[in-house]
Amino acid sequence: MGNCAKTPWHRGSKERWQWPGSPLGGSRPSPGPRTEEQEGTQGYSVLGSLVGPACIFLRPSIAATQLDRELRPEEIEELQIAFQEFDRDRDGYIGYRELGACMRTLGYMPTEMELIEISQQISGGKVDFEDFVELMGPKLLAETADMIGVRELRDAFREFDTNGDGCISVGELRAALKALLGERLSQREVDEILQDIDLNGDGLVDFEEFVRMMSR
């Protein structure tokens, strides 16, 4: 496979990837009506303001122009950083389950069924970086306004992870929330947020859990 990091990538070069339920080369399907559970988490969107530049917001008129251009070098670099983050054995490939975590790092929340359908398009159940760019490039162009930069998220994660052990403890997150939001959140609200974030109940927030939190 070629090194996409060296050559500007054209969205029209290959179009074999598609989101399940979407036209070929189209954007992610629009979500259905919000459930009661989803409405209950809407209040946590205030957490998105904690990282400031982590979210890139563009006016719709500007975002519309993103579809008909090449990926910029810094965008390919962002995809490469995300890919390498989950290519843990450094063999140049990631499996479809790792692909799901990698996509979440970039701000996408694929369902298990979507990942299974995507995996059926993958030869050998793995993707290399060129395949990854083919899959994520159109999404990056189509939804620039919703993207979350992995580098900015990493920087924000390190701000929370004050002892540098790779995980955010309940105490670290509580202290950060209090410092950043002050009295805007009660102790009960902080505890509810922590309970919602700590998906595996180990008392620690790892990077993937942090990404899920910031993507709300």
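Placement of Cβ uses the backbone N, Cα and C atoms for every residue, glycine included.
Record features, source Swiss-Prot:
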type: BINDING; residues: Asp87, Asp89, Asp91, Tyr93, Glu98; note: Ca(2+) 1 binding site
type: BINDING; residues: Asp198, Asn200, Asp202, Glu209; note: Ca(2+) 3 binding site
type: COMPBIAS; residues: 20-29; note: compositional bias 'Low complexity'
type: DOMAIN; residues: 74-109; note: domain 'EF-hand 1'
type: DOMAIN; residues: 125-142; note: domain 'EF-hand 2'
type: DOMAIN; residues: 148-183; note: domain 'EF-hand 3'
type: DOMAIN; residues: 185-216; note: domain 'EF-hand 4'
type: LIPID; residues: Gly2; note: N-myristoyl glycine
type: REGION; residues: 1-41; note: region 'Disordered'
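In this structure, Asp89 is the one among the binding-site residues Asp89, Glu209 with the smallest number of other Cβ atoms inside 10 Å of its Cβ. In three-state terms derived from DSSP, Glu98 (Ca(2+) 1 binding site) belongs to a helical segment.
Across the domain 'EF-hand 2' (125-142), the DSSP tally of helix, strand and coil residues reads 15 helix, 2 strand, 1 coil. The residues near the Ca(2+) 3 site, meaning same-chain residues not in Asp198, Asn200, Asp202, Glu209 whose C-beta sits within 8 angstroms of the mean position of the site's C-beta atoms, are Ile197, Leu199, Gly201, Gly203, Leu204, Val205, Asp206, in sequence order.
Residues Phe86, Arg88, Arg90, Gly92, Ile94, Gly95, Lys126 surround the recorded Ca(2+) 1 site, their Cβ atoms falling within 8 Å of the Cβ centroid of Asp87, Asp89, Asp91, Tyr93, Glu98, which are themselves excluded.
Here the candidates are the binding-site residues Asp198, Asn200, Glu209, and by Cα distance the one nearest Asp89 (Ca(2+) 1 binding site) turns out to be Glu209. Its Cβ taken as reference, Asp198 (Ca(2+) 3 binding site) is surrounded by 18 other Cβ atoms within 10 Å in the chains shown. The DSSP secondary structure for Asn200 (Ca(2+) 3 binding site) is coil. Look at Glu209 (Ca(2+) 3 binding site): DSSP puts it in a helix.
Cα to Cα, Asp198 (Ca(2+) 3 binding site) and Asp87 (Ca(2+) 1 binding site) are separated by 24 Å. Looking only at Cα atoms, Asp91 (Ca(2+) 1 binding site) sits nearest to Glu209 among the binding-site residues Asn200, Asp202, Glu209. A distance of 15 Å separates the Cα atom of Glu209 (Ca(2+) 3 binding site) from that of Glu98 (Ca(2+) 1 binding site).
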